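Right, one structure below, let's go through it.
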Amino acid sequence: MRQSGRKSNQLRPISLELSPLINAEGSCLIKIGNTHVMCSASYDTTVPPFLRNQNRGWITAEYSMLPGSTSQRNKREAVQGKQSGRTQEIQRLIGRTMRSIIDLQKLGERQITIDCDVINADGGTRTAAITGSYVALHLAIRSLMKKRILKVNPLINQVAAVSCGIYKDQPILDLDYLEDSDAEVDSNFVFAGNGNLIEIQGTAEKKPFSEEQFLEMLKLAKAGVAELFKLQNQVLLNL
């Protein structure tokens, strides 16, 4: 039993609030336990220079943590004049994940920007951002099709992500901050809706982990994202 009372294979309580932002084409406030992330998807007709006149679209992402999202105030990176390596890593992860589930040719010469702003951080912010961003992107595509900006749906898959780790020698699902801070192994799994993997991030924080432990984490992650996919589908089908 974990400090939170959860079982090793148990996700934190999850909610997905659709369209909390009125100006973005699509938005979602995802809450996983005490980790809350506002995700939005905005449409633009300007694509990166390398894609001009190629009738091919692009999806990019930006990620940030609000100053009050952590126990000690987190300084705004804009004030410091540069993004941290962590921020750049996470927004690249979100961007390439979203591009992997879109037919960029069908998107046409358009760009969708995914914005992920962490309101409250208690572990798993990047995986929450990915899971919420899919919902925001889905809503944005639906809006663009309704406006007849898009004639064909470019979405080709679903995506969700979850963290796993080795904590006190036990593989566990969906680490909170206290677990993440003291874990022997920290990993993130990004899955497509068809069961294929999009990305795996895994680090031995204290000691190397075995293939058997990795496979146990993979099994936990597959079961966890199955629950996330089910929740995504429930909220989107009820529109």
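Just so you know, glycine gets a Cβ as well, placed from its N, Cα and C.
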**Request:** Quick one: which of Arg73, Arg76, Arg86, Arg96 does Swiss-Prot put in the phosphate site with Gly124, Thr125, Arg126?
**Result:** Arg86
**Fill in**
One residue among the binding-site residues Arg86, Arg126 has the fewest other C-beta atoms within 10 A of its C-beta, namely Arg86
**Prompt:** Quick one: largest C-alpha distance among Arg86, Gly124, Thr125, Arg126, binding phosphate per the record, in angstrom?
**Reply:** 13
**Asked** Near Thr125 (phosphate binding site), how many other Cβ atoms are within 10 Å of its Cβ?
**Response** 24
**Asked** CB neighbours of Gly124 (phosphate binding site) within 10 A?
**Response** 25
**Prompt:** Can you check what DSSP calls Gly124 (phosphate binding site), collapsed to helix, strand or coil?
**Reply:** coil
**Asked** Relative to the mean position of the Cβ atoms of Arg86, Gly124, Thr125, Arg126, the recorded phosphate site, which additional same-chain residues have Cβ within 8 Å?
**Response** Ile90, Val118, Ala121, Gly123, Thr127, Ala128, Ala129
